[in-house]
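To keep things clear, I will list the structure first and then write my remarks on it.
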Amino acid sequence: MKASGSRQSPPRRGARSRRAGIDSRTRAWLRHHRAVGLDSARRLLRRPLSSLLTMLAIGIALVLPAGLWLALSGADDIGRRLQDSATLTVYLSPAVSESRSMTIADTLRRHPDVASARLITAAEGAAEFQQALGLEDALAELDDNPLPASVVISPVDTSPAAVRDLGDQLERVDGVDEVRVDLAWLERLRQLAAFGRRLTLALGGLFGLGALLVVGNTIRLAVESRRREIEVVTLIGATHAFVRRPFLYSGAWYGLGGGVVAWLLLALGGRWLAAPLHDLAQSYGAHFGMPALGWQGSAMLLASSTLVGWLGGWIAVHRHLADARPR
Amino acid sequence: MIAFEHVGKRYGGRYEALADINFRIARGEMLFLTGHSGAGKSSLLRLIMRLERPSRGRLLVAGHDIDRLHASQIPYYRRQIGVVFQDHQLLFDRDVFANVALPLAIQGVEPHESARRVRAALDKVGLLHRERALPIELSTGEQQRVGIARAVVNKPPLLLADEPTGNLDPQLSADIMRLFEEFNRIGTTVLVASHDLALIARLRHRVLRLREGRLVSDEQIGDGEGA
């Protein structure tokens, strides 16, 4: 606590002395918080290199879980978009004629759960197949087109259960041979995401603990270096809260600094990875960008890193104070 | 003000620092505590400051058994006691003004009011002109006076001093004692631990003498000579 700065403050006039009790105590409390908060920040700035190293250690510990969380929310986003584009392929019996296949396609189109239906005639199918696989010669040698006509359906409700249900219904339509619903990999993506979420949680816990230990150890050294001051203020009637306060603020500053480091690393890393990710997405014909933290995510990152720092400070001072009890 | 009732203090279960101490100090009294080093003077003061707890007996301060104080009440109890240490316990990373203002900062006194009281205390010990100095720039005697200013800045009803003149020459020691007498004159109860017998003899106050942890005498010096 530095009281020296306050003495230059101009004398205040008026109602100061008339107000008393809780009000003045609250103001004294706030004044002390402000003074201690600033003093702790100044102490950190006085040793910029070691403060920065501590913040880097915290930031690096936090960047992995935060990055995983980001990747996960990105994967969720992609999964949702892929699910939105979920389709069913209805294969008609090979015996169905082209005109009949159009009628069937119309029937399917009128189904209340079907958003849209696109008919691919046997001939179109063969052409697409040839183009895609470069099997022109092989197919040309066949007398008959072996491919059936098909209808590609976009469902109204894209949830896996509804899609599966719709598939069962469409399978019963006359002239339909088979309905393909490719949900397995969507399901797999979902399971992967669930696994990733747990992994993120576990890593977040572990690395958060790591950050806590970093702050705790740094604050422990700070407590050690201010041992005399703590002794003296305790002798003249400082409460534990008073003794603890500067270290809690130091811890919180370290945590906040670590959060900023983590934020910067994430932003830089995101920028660095954006180009290859874009290329990768394009090669799949998909379109997804690098997930970003956004305002809410950034606020949460900084808040939790500050909390971790505060907690680390608390643990370090608490241990010291517990050792110093009168016997 | 203070009552020791059969107070004993053992360390580590064997070494007996204080044994069966009985005495009372009235409000507004000034007295000395003497004895060789190791006689238990510091232990006795530490008990009053509630830095240690008696192993036996009761210690009442202002009518309260301070052994029963809850840990959260101890800081508020200590604010009622001004303490002057032999090694003055100043903080060397801040100037004289900030050192003296420390007890007021702890109590959340408003800066304006705090500055007024700090200057009053520094004026009392004759160091008003050195408020911006760092403790390291002061002489030993000046440092001790800063320590005294800090002990009295919040006007505690009880002032304890542990060998306050230990490192000072006779002239400075006499000055310091005169300061204590001044505080006593305005109603502060003052208890000074010192082994400077020559100085104590000149000052005509009540003297408690400790030897090997026991109170061996309790007498008023200079009675009848007229103060």
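Glycine is no exception: its Cβ is also placed from the backbone N, Cα and C atoms.
TrEMBL annotations: computationally assigned, not manually curated.
Residues or ranges marked as compositional bias 'Low complexity' in TrEMBL: A:1-12. What TrEMBL lists as domain 'FtsX extracellular' is A:88-179. If you look up TrEMBL, you'll see A:203-318 marked as domain 'ABC3 transporter permease C-terminal'. Annotated region 'Disordered' per TrEMBL: A:1-22, in sequence order. Residues annotated as transmembrane segment in TrEMBL: A:52-72, A:199-219, A:252-273, A:293-317.
Long-range Cβ contacts of the transmembrane segment (A:293-317) within its own chain (Cβ-Cβ under 8 Å, at least 6 residues beyond either end) map to 58-59, 62, 66, 70, 208, 211-220, 222-223, 243-244, 247-256, 258-260, 262-263, 266-267. Helix, strand and coil content of the domain 'FtsX extracellular' (A:88-179), in residues and according to DSSP, is 42 helix, 22 strand, 28 coil. Computed over the domain 'FtsX extracellular' (A:88-179), the whole-number mean pLDDT of the model equals 81. Taking Cβ pairs closer than 8 Å, the transmembrane segment (A:252-273) reaches residues 40-41, 44, 51-52, 54-63, 66-67, 70, 211, 215, 218-219, 290-293, 298, 301-310, 312-313 in its own chain, all 6 or more past its ends. For the domain 'ABC3 transporter permease C-terminal' (A:203-318), the DSSP counts in helix, strand and coil order read 101 helix, 0 strand, 15 coil.
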